[in-house]
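Below is one structure; the comments refer to it alone.
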Amino acid sequence: TIEQTTIVISILHLAYNKEQWKICSKIEHFPSPAPRSIRSPHSISFRSRYTVFSARPGEPSHAQAMAAETGLNKEKYYHGLLPREDIKMLLVKQGDFIVRMSEPNQGQPGRSFILSVAVNDMGEIKHFVVSKTSEGKFFIDQYSFDNIQALIQHHLKKGESVTKNYTCTLKTPVGRQRWELNHEDVTPTKKLGEGAFGEVHLGVWRTRGKRGEMKVAIKLAKLDNLTKEQIKEIMKEARLMRIFECDYVVRLWGVAAASEPLMIVMELASNGALNSYLEKNMLDETQKAIMCLQSSWGIEYLHSKNIIHRDIAARNCLYGDGKVKIADFGMSREGPAYQMDPKRRVPIRWLAPETMRVQTFTFKTDVYSFGIMSWEIYHNGKEPFPGLTPAEVAKFVLTGNRMEFEQMINPDVKMMICNNTWCDDPNERLTQEMISRKMETITNTPRPDFEGDARKRREADEAEERERESASGPAPGAPTTPVAAMPRSVSVRVRHSHASDASRFQKKAEKTGRRQSKKKK
């Protein structure tokens, strides 16, 4: 049967990739149809006794099923597929720890549980694989236990080192962050399209607070189809988005990473992609000028956070509630400059001339791309440089040529775009903030209070979180360990990494600003 074949292939795949592993018992046949979650009894020898787990394609891995069956996924210190880059922000004091699932390898359904511990206050973190004996006991180094919760409680109570090789004790379990969502609260309802690493769905997020159920956009990634590097790219994009608190930048609500599929939950823009909206709707010149201004505000906000978008285009913006929102941060990087891999594919039609020459991105390359997107807005979503191939576009731009505005456009807007965003020398281009202020004057539009709006958002989020915690009681994600079983001095601590993320980016932006001002002097 298909189920039997899948099990055999997965075990042989492990043996093939790890030559030092060997199958210690014969392969048995499972009944058809196979149960939803299968545990193979085959032990293999590699350092210690490990157990091979397998699941049918599209089904949860055994590690996930085991997390659900044992209640581990309801422990606040269990963080699922949290990557190492996020762990560094959580484990800052000696003895801080979490339990997570190992990062998947493409085509290999097996997962392991990992205990990550801060061994000192200087950022050193150790990661221990929690193994399972053929008798079903969990262990790291010395003792074995019926479940991982018992293993954790033992080391918390006794204060014993996790390993006999050096001192590494558990003190404080660190809980899930506000942005770590429960899978059961996120429901995809309708497929909207395909993304670079998965599918994009319309869906519903049950907030467990005042907001109730919210319509959201969901990026859904099936991890078995992705490489470890691609998964890191997805989580890197989500990490960048966590700090955004601007009406003109798409907001990240959170990431459901406790199990598979990985789901990135974002603000839903009711009118979809900006380029599609422009193609389908006839807008007057005033509306288009406001769209250009709103997109400029979004880019200005990103630059204030020391982030280069690198892919500004109408297709990467959304439109909803009368606002343009910058989206799609897969290419975004912390600034002020980024050297591109010359082998990577890039959107030539939106690319600044200096990037074509020396493969470097800066804030000023975003300014150039903003000018191209403004042309798109005024030409109803039309692709830039119509009739030219990418190679012809590069030659056209590098020889000093620029597009003409065929549609009716405010002459002040046209002059600003042509003279202040499309300059061949990036130093002659205005900053995005200067462009925003020019557009505010041209359109007679008041400037938003970015800091005040962000503060209101944070206050609303904090109020929502307090209400959710008080109203829902022990919801999924709450600790299931009896209070009496936990040491009196230990409590699950939730680090508000959102604030630390924001301050980290802000400090970098301030340092960049100081360096640039010194250069000017």
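Every residue, even glycine, has its Cβ placed from backbone N, Cα and C.
For K219 (ATP binding site), the same-chain residues lying six or more positions away in sequence with a CB closer than 8 A to its CB are G195, F197, G198, E199, V200, I234, M263, I264, M266. Residues or ranges marked as ATP binding site by TrEMBL: K219.
The helix, strand and coil residue counts that DSSP assigns across the compositional bias 'Basic and acidic residues' (448-470) are 21 helix, 0 strand, 2 coil. Summarising the annotation, TrEMBL assigns compositional bias 'Basic and acidic residues' to 448-470.
The compositional bias 'Low complexity' annotation in TrEMBL covers 471-492.
The average per-residue pLDDT of the prediction over the domain 'SH2' (77-174) is 89, rounded to a whole number. Residues or ranges marked as domain 'SH2' in TrEMBL: 77-174.
Feature annotation from TrEMBL assigns domain 'Protein kinase' to 186-442.
The region 'Disordered' annotation in TrEMBL covers 438-521.
Away from its own ends, the compositional bias 'Basic and acidic residues' (448-470) comes close to residues 178, 207-211, 245-248, 297, 301, 304 of its chain (Cβ-Cβ under 8 Å, at least six residues beyond either end). Residue counts for the domain 'SH2' (77-174) under DSSP (helix as H, G, I; strand as E, B; rest coil) come to 18 helix, 30 strand, 50 coil.
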